[in-house]
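For reference, the structure is listed below as structure tokens.
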Amino acid sequence: MLEWLTAHGILAATLALLGLAVAFGALLGFAGQVFKVEGDPVVERIDALLPQTQCGQCGYPGCKPYAEAIVQGDDINKCPPGGDATIAALADLLGREPKPLDGEAQDIPRVAYIREEECIGCTKCIQACPVDAILGAAKHMHTVIVDECTGCDLCVEPCPVDCIDMLPHPDLAKQWHWPRPPGPGHRPSQPIAATLIASDRQPAPEERAHG
Amino acid sequence: MADFDFPGGIMPPERKTLSNQAPLVKAPLPARVMLPLTQHVGQPAEPVVSVGQTVRTGEIIACAQGMISAPVHASITGTVTAIEERAVPHPSAAVGEAKALCIVIEGNGQDDDWQRMPPLDWRSASDEALLERLQSSGVVGLGGAGFPAAVKAQVRQRHAIDTLIVNAAECEPYITADDLTLRTYPGDVIEGARMLARLCGAERILIGIEDNKPEAVAALRQALSTSNDTTPVELKVVATRYPSGGESQLIQKLTGREVPSRGLPADVGLLCHNPGTLLASLRAVRDGEPMISRIVTLTGEALTRPGNLEARLGTPLHALLSLAGLRPARLSQLILGGPMMGFTLDSDALPLVKTANCLIAGTADEFPPAPPEQACIRCGACETACPASLLPQQLYWFSKSREHDKAELFNLFDCIECGACAYVCPSHIPLVQYYRAAKGEIRLHEREARKAEHARHRFEFRQARMAREEAEKEARRKARLQQARASRPAPEQRKAAVSPTPSDTPQSDSQDSAAELKKLKIAQAAAKAAVRKAERALARASEGGQDPSADVNDLETQLATARENLKATETRLAALQSRTAPAATQPASTTATGPGVPASQSMPTGTTTEDTAKQVRQRKIAVASAQAAYRKAEKALESAAAQNDDATLAAARQKFERAQGNLDRARKALEEAETTAHEPKDTSTP
Amino acid sequence: MSLLHASSPHTHAATSTGRIMGWVLLATLPGILVATFHFGWGVLINVLFAAVAGVILEAGVLRLRQRPLGMTLRDNSALVTGVLLGVSLPPFVPWWLILVGMVAAIVVAKHLFGGLGQNPFNPAMVGYALLLIAFPVDMTQWAAPLGLFGADAIAPGDALRHFLGLIAPTDAMTGATPLDAFKHKGETLLASEFWAADPLPPGTLDAWHDVALAWLAGGALLLVKHIITWHIPASLLGSLTLLASVLYAIDPSHFETPLFHLLSGAAIFGAFFIATDPVSAATSRRGKLWYGAGIGLLIMVIRPTGAYPDAVAFAVLLMNFAVPFIDYYTQPRTYGHAQANRGIKVRQLDDDEELP
């Protein structure tokens, strides 16, 4: 047997490779059974990157369905609330090419605001809200829980009296932080147009009354 | 002479003699004041005056709102002319973003009609009265952060405090406000320290002061020698080195203790106060004067008469600058705060706020624009200077390339932004700005991720709820149908009416329903597992207790979702069972309606082992959520206590007690359930 | 009216990269002068040519990379690289060899990795190592200590001709370095017998000692001016001395004395001028100690066992490889933390998965 093998080197190599393939295949299969992960982890990870506004602008009824669609091969550029950051993150995760956003990018985070004096209490917006962020009962005025609102726009359409506005998020001012410096080769400080008041002791009121 | 020391530090030119030569003077009353409602850390105050209303000096014009907040008082006598958004001093002001609600008061001439609170003797007054006074007088930390003094004074409810530290180091160049405060009112500052020490239960007072303020040290020694009190006060003169006035650094230098990362000085039994805060606290108690003025340093070479002023809050900065003799032609940089940590302003029309300790009007020679940023050569000068033992060059690298996780691993959030690293950087890299940007990005990202996660859970909950509602509707319909069928003699007619439902005829598709039954049973098991998992997560989170309640809230949403899912499948299952096995209709229907009611109540008395196990589980959850509620109430109580608002305090205490009772009850119930769960097992096994 | 807007701090110490590099250049002067005094004009010519080549190459690459010239050239870093490489080269090497070394240093080791501050390896040592491997004969023949003005001294004109490659140095002019000579003494020869035979041109050992002490003086200047910290030189020389002592104690007939290892090669120069290059060295103070100790150890491993007589360049380059690793494991304990972070933590994705 051994002699035969040494005589037929090519066959020996083939056999060895076959043996290895079988062994590792068995190992992989075993590992696949033992360390089996329930559900599709890729869908979960995609879902975690999506902004969870549940707005449906991608054409799917929520972020998770879109995540599933992406796994099935749909484009990664259909999420306007996520914008370029989400596309970049998805491209990074999936190893796909980033594409320009399909649709209009949203500049700043917004929340829905119900003009309460105009609300007729039809509950249509409550039914439309994907995250149960609108409070109210039939024939009673509704109101939006600002902290829970994802700014998805879905409540605007069904409102029969158009009393819902999308307004900039009130926390916007609190979110300011120092911008990144321009980098090497640039001066970190820049002159800004200043509003100085002439230092006479009694300036005219209108001169000072700017805000 | 300090026994301990902190690493690093720098010695920039002090330039304090610019402003500490002139004595402290009172600024004349401003013609109008602009009082922002956010001069402190925490919730903005809520206006309680209306436009056109006449107010007296010291009258409350906006009251504290929420747990951490401070009221705002009228700083002059006059008429409220506007309550509107105005530009306020803030780092982002220069990019035109910082606006806050302000109350504008137009003074009526030279009239200064005070509305004082009744004076209190702090030695005889109760703690509650003192806290209430501190809270209602709007005293906040004057060193820069603006943390409400009343909230800080209440730490003893949480932590044992042994030492009160008076942070008079004033290590930043240029600033001399504390120096002049101590020179002018040494006795009052010490008395204020004694008062707050009593309030927080501190046994001794340490005054940390840099050796570049000999006059202040002498004044303090003088005042200490004449005062007669039991609380030992120790004056520690430390070598001048920036940033010895940083809270953590001074603590390390004076006591050798280290404030834990992301913790408070109270965690190591210390409380730090600025001399100005102590003075304001004492005045609020002893004289009944709310906080309507502060001592501010006006300095810089663009001023002809630099010095320290005691000015009313809300005074426009240009009025102060002109008092100090500003030469506008020479002005090139207007800095609020010190040159190391302060921020530049784009306008001198902003109001003086509680946290503004220094205003520097710098010339171009004094503050030349920073040279262009060069490449980092990792020379290590920043590391040598860092008082927190960080690796600034690594942090810079990670901040620049947005490797946020690595930046956090290198303790980015322990950076106190003192600026020592950027000061010594030979490549002129604005290191602190890089760190601030990275911190801001990380915080923003975290908040967004949390929000998205929360939204996803709410969405899932909604879907589960809708599914459950659907299932229940279906079950009710089926039940009605069956009832009708049972009562009516002619079933064929009813059947015709509801024929769209195919599984209505049990005889024809019993196989179908058997398969469905099996599927539903599997779904039920999965849903049960999900509920269990959510319960476990919630229990763990509430036991861990280190995370804020937002986390628990989110977990509660997840648990609710899992329960909804379980209910939906159970309802469907019950409906199907009732159809396939009409004999079992009655018991099945009870379980079908059961989930609407808390299961522990609808639990039948003759329990099987499975039921008891379920009961134990449910009670465990009950304990966990009671624990969570208890923690929440505890926290609310603490913050309410800190806020010194009697009404909220009482309410919080009530809530807390209730939560405590609930927790005890839940625990007892769990114990009972556990013993009953064990007993039958023990008897059945042999 | 416009006001200046910037993030704090608003004042800065009067310091700059160019000034730091200037001090480094100043600190190399004693070493260069003493080496020139002993080994002739060739040393000075090498240094000057390498420095000029460094600046010209840096300017050329910056232009190719479309980066601003003025600011980067003013940081003097190319000059330092040139001087350090120039002074490491034997006095008779032709100009093109120096140029090759400088191209490797400035273009490859520095700018291909992103320019100043981003090079993982010490540029001068990359150039040196490349030359040593590519031109071993030119690179291992050192000059005899003939002095500048003595009767045997090489005239400046001749030195220039050597540099231009017009004439080759005669045997009388060249001599091995002490390390080289000792390395090739032969296995059977005992150390004492070897030195008794007087294998080197007269005055060689003294010349090397003087040069080493001159570098030490320059290093002291760097320490005094806080350009470098004591950590790397101390740990490097310390570990080198320790290991040399141990080896010498074990077998004095085949290993040299610690003093010989310290003063007869590039150990001092390397400890103060090469290993302390901040860009490619470890970051934290503790890391610097490990880094220096590692270099000292590697020098003492390579010198007796390696193919090349001196080992500073290879030791430094090898430890450059280890710098990221050292940096991850030697973070200082930050204020308020019970202990320092170690290594890289991988964020766990599913830590809520547990068995039911």
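Backbone N, Cα and C atoms are what each Cβ position is placed from, and that goes for glycine too.
Of the residues proposed, B:Cys171, B:Cys200, B:Cys272, B:Cys425, the one TrEMBL records at the same [4Fe-4S] cluster 1 site as B:Cys376, B:Cys379, B:Cys382 is B:Cys425. The Cβ neighbour count for B:Cys386 ([4Fe-4S] cluster 2 binding site), using a 10 Å radius over every protein chain in view, is 29.
Using DSSP to sort the residues of the domain '4Fe-4S ferredoxin-type' (B:406-435) gives these counts of helix, strand and coil: 17 helix, 0 strand, 13 coil. Residues of the domain '4Fe-4S ferredoxin-type' (B:367-396) grouped by DSSP class, helix first, strand second and coil last, total 10 helix, 0 strand, 20 coil. Checked against B:Cys415 ([4Fe-4S] cluster 2 binding site) by C-alpha proximity, the binding-site residues B:Cys376, B:Cys379, B:Cys382, B:Cys425 yield B:Cys382 as the nearest. Comparing local CB density within 10 A for the binding-site residues B:Cys382, B:Cys415, B:Cys421, the maximum falls on B:Cys421. Using a Cβ-Cβ cut-off of under 8 Å to chain C, the binding-site residues B:Cys376, B:Cys379, B:Cys382, B:Cys421 reduce to B:Cys376, B:Cys379. For B:Cys425 ([4Fe-4S] cluster 1 binding site), the same-chain residues 6+ apart in sequence whose C-beta sits under 8 angstroms from its C-beta are B:Ala381, B:Cys382, B:Leu431. For the pair formed by B:Cys418 ([4Fe-4S] cluster 2 binding site) and B:Cys376 ([4Fe-4S] cluster 1 binding site), distance between Cα atoms is given as 19 Å, rounded to the nearest Å.
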